Amino acid sequence: MSEVTRSLLQRWGASFRRGADFDSWGQLVEAIDEYQILARHLQKEAQAQHNNSEFTEEQKKTIGKIATCLELRSAALQSTQSQEEFKLEDLKKLEPILKNILTYNKEFPFDVQPVPLRRILAPGEEEHLEFEEDEEEGGAGAGSPDSFPARVPGTLLPRLPSEPGMTLLTIRIEKIGLKDAGQCIDPYITVSVKDLNGIDLTPVQDTPVASRKEDTYVHFNVDIELQKHVEKLTKGAAIFFEFKHYKPKKRFTSTKCFAFMEMDEIKPGPIVIELYKKPTDFKRKKLQLLTKKPLYLHLHQTLHKE
C-alpha cells in the first residue's frame with residue numbers, strides 16, 4: 001500500500017467515525033454534513049479513471065456502495081417516516097469494510113448499488129460550457145418518470161429556537177411552473193438568504209428531489225425553516241430560490257432558473273413570485289424574466305412569533 005492510499009484510507013476512516021459519532025450523539029445536522037461530504041469523496045474515487053489508483057474495479061464498486069449507504073443514512077436522518085430507514089447500526093457495519101477495502105473479498109452486506117456521481121457547478125461555472133440545447137426553448141430529451149427517486153436527500157435544517165418578541169419564518173415550497181416540467185430530471189431547489197452584495201446571511205439549504213410532476217408543474221410540498229429571526233435580517237436582504245436539475249448529456253447538475261423574495265414580501269399566506277433567467281443574480285442588478293408565460297414559483301409563508 002502506498003503512502004498516498006494509506007493517508008486516503010485514514011482520512012476516510014476519520015470522516016466516517018466523525019459522522020457516526022455526531023449521529024450517535026444526536027447532532028443530526030453535523031452528521032448529515034459529514035456523511036454527504038464523505039459520500040461525495042467516495043463517489044469520486046469509485047468513478048475515477050486514472051491509472052495510478054491502487055483500487056481494483058471490484059473495490060471501486062464496493063467504495064461506491066458504501067457511498068450509497070452514507071446517502072441512505074443521511075436521507076433517513078431527514079425523513080419523518082420510520083419505514084425503510086437505514087439505521088446507524090447498519091452503517092457501522094461498513095466501517096471495517098472501508099478500513100480494509102484492499103483486502104475485503106466478501107459479499108457486500110446490503111443490497112445497494114453505487115449512485116452515479118453528479119457534478120454540481122459553482123455559480124457562473126456553467127456559463128463557460130457549451131450548451132447542447134437552449135434552456136428555455138429546448139427540451140432535455142426523453143422525459144423521466146412521473147415520480148422522482150429520492151436520490152438527493154436534501155440539506156434542510158430544523159427550526160431555530162424561539163426568542164421572545166422575535167419572528168421565525170417557515171416557507172413552504174409548493175410547486176414551480178415550467179413549460180417543460182416533465183423533462184426535468186431529479187429537480188431540487190437551493191434556498192439561500194443574501195444581502196445586497198450577494199453575501200450569505202444564513203446557511204444554504206437544498207430541498208430533497210421533487211415529489212412529482214403534473215402538467216406544467218414540478219411539485220415539492222416541502223418546508224424551509226429560515227435560519228435567522230426575521231428582525232435580524234439586514235436591510236435589503238432577499239431570499240433566493242434556485243431551481244436545479246440534472247443534465248445527463250453533460251453529467252452535471254445545472255441551474256435552470258431562479259426566483260427571489262424581498263423583505264417587504266414576508267407576510268403570512270400564499271405568494272407567487274416570478275422566475276428569472278440564469279445565471280443567478282444575487283445582487284439583483286440585471287434581471288431577465290425566464291418567460292412571458294404566466295409561470296411562477298408558488299410558496300406559502302407561516303410566521304411564528306412568541
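Heads up, residue numbers simply count up from 1 along the chain you see.
Note: Cβ is positioned from N, Cα and C throughout, glycine not excepted.
Taken from TrEMBL, the feature coiled coil covers 32-59.
As annotated by TrEMBL, compositional bias 'Acidic residues' applies to 128-138.
Note on the domain 'C2 Aida-type' (157-304): mean pLDDT across this stretch is 90. Marked as domain 'C2 Aida-type' by TrEMBL: 157-304.
Here TrEMBL flags 128-156 as region 'Disordered'.
Residues of the domain 'C2 Aida-type' (157-304) grouped by DSSP class, helix first, strand second and coil last, total 9 helix, 75 strand, 64 coil.
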